[in-house]
Amino acid sequence: MSKTHLTEQKFSDFALHPKVVEALEKKGFHNCTPIQALALPLTLAGRDVAGQAQTGTGKTMAFLTSTFHYLLSHPAIADRKVNQPRALIMAPTRELAVQIHADAEPLAEATGLKLGLAYGGDGYDKQLKVLESGVDILIGTTGRLIDYAKQNHINLGAIQVVVLDEADRMYDLGFIKDIRWLFRRMPPANQRLNMLFSATLSYRVRELAFEQMNNAEYIEVEPEQKTGHRIKEELFYPSNEEKMRLLQTLIEEEWPDRAIIFANTKHRCEEIWGHLAADGHRVGLLTGDVAQKKRLRILDEFTRGDLDILVATDVAARGLHIPAVTHVFNYDLPDDCEDYVHRIGRTGRAGASGHSISLACEEYALNLPAIENYIGHSILVSKYNPDALMTDLPKPLRLTRARTGNGPRRTGAPRNRRRSG
């Protein structure tokens, strides 16, 4: 993490439980990010927090640090049963829940608090086995949490800490009724520490905070500009016929170390994957139709560097902590302006530079004015020479269950640059 993203405030300056400080410092966390410096004084004083912060600002460690400290500093509810977790962290997607769990593991190891994970699509019995042994902190998605609660595998009557991460995304995905169902089965708000984090503190998010929290303090960490000054943004206007060849040519030109390509539909993502896989790229596909075990494996391979390119729908644009992404390609301009910011926010993180390349084709160019108005600036337009685009490309692969990730290792060097001036 770059020092430019840190404050002078140290974790050791707070009255945090010694085991929490020890675990943080062991992982190299000494100074707070702005959101951590704002949140911790409030949560350590027992105040509820509703925070506005983008992914990558350190909000996950802010609420994890607060959660572990609170549980270590307060006794469990009397007569607590084995199926009663003490803290509940809700996330909108399986990937985000898994990531939060991974971030929490060093703290759990240092403190002895037990973690549980609950998400749909995979691992029902494996997750249940962990819950049956008793957990202190349960991290999960709302659907699976409700499933376990209805079958009495978990009981929320002993909850002392609640975290709602990516609250705006919860609304977007239609989970608000599930959230309210879960809250109704917990102790009253004034008997819990409540934390909510969201990329935007919209009216509906504030309404949720008012409804489910105890006089929450609002804190905001706004970037100087929504897209980040370390991200180079670039825009091309291809025809529909030239769009795929332009993407492949740009990939050969840029030769990204680690790139994410976003498209607006599952079908389009599969099409892009087929072309790139046929051309020998180490490319993975991440959409809602990919089985959960395979999704996690692909994310792990991409994070380790075994895959160079990830093709994804917006399911991967929120909450995933993938380090060192050098390039983001918007094959389709998103329909939602916020999704543009979330997509390109995968690169240029923690002080690193990044490159975002968007293709404004005939179908999605109409989304551009709203995006530029939202981010507050025009995106630099670059031209290309149609005659210099790659030709004689192999026939795209067809998607099968065995072909959603990995491929041959890249060899050689990128081809000569083909873009016109």
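Easy rule for this one: first residue shown is 1, then count along the chain.
Quick reminder: no glycine exception, Cβ is built from N, Cα and C everywhere.
These numbers come from a predicted model, not from an experiment.
Record features (Swiss-Prot):
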MOTIF     9-37  motif 'Q motif'
DOMAIN    40-219  domain 'Helicase ATP-binding'
BINDING   ALA53, GLN54, THR55, GLY56, THR57, GLY58, LYS59, THR60  ATP binding site
MOTIF     165-168  motif 'DEAD box'
DOMAIN    245-390  domain 'Helicase C-terminal'
REGION    395-421  region 'Disordered'
COMPBIAS  402-414  compositional bias 'Low complexity'
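Looking just at the motif 'DEAD box' (165-168), the mean pLDDT is 89. DSSP assigns THR60 (ATP binding site) to a helix in the three-state reduction. Cβ proximity to the ATP site centre (mean Cβ of ALA53, GLN54, THR55, GLY56, THR57, GLY58, LYS59, THR60, cutoff 8 Å) flags the following additional same-chain residues: THR33, ILE35, PHE197, VAL221. Around ALA53 (ATP binding site), a 10 Å sphere centred on its CB holds 25 further CB atoms from the protein chains shown.
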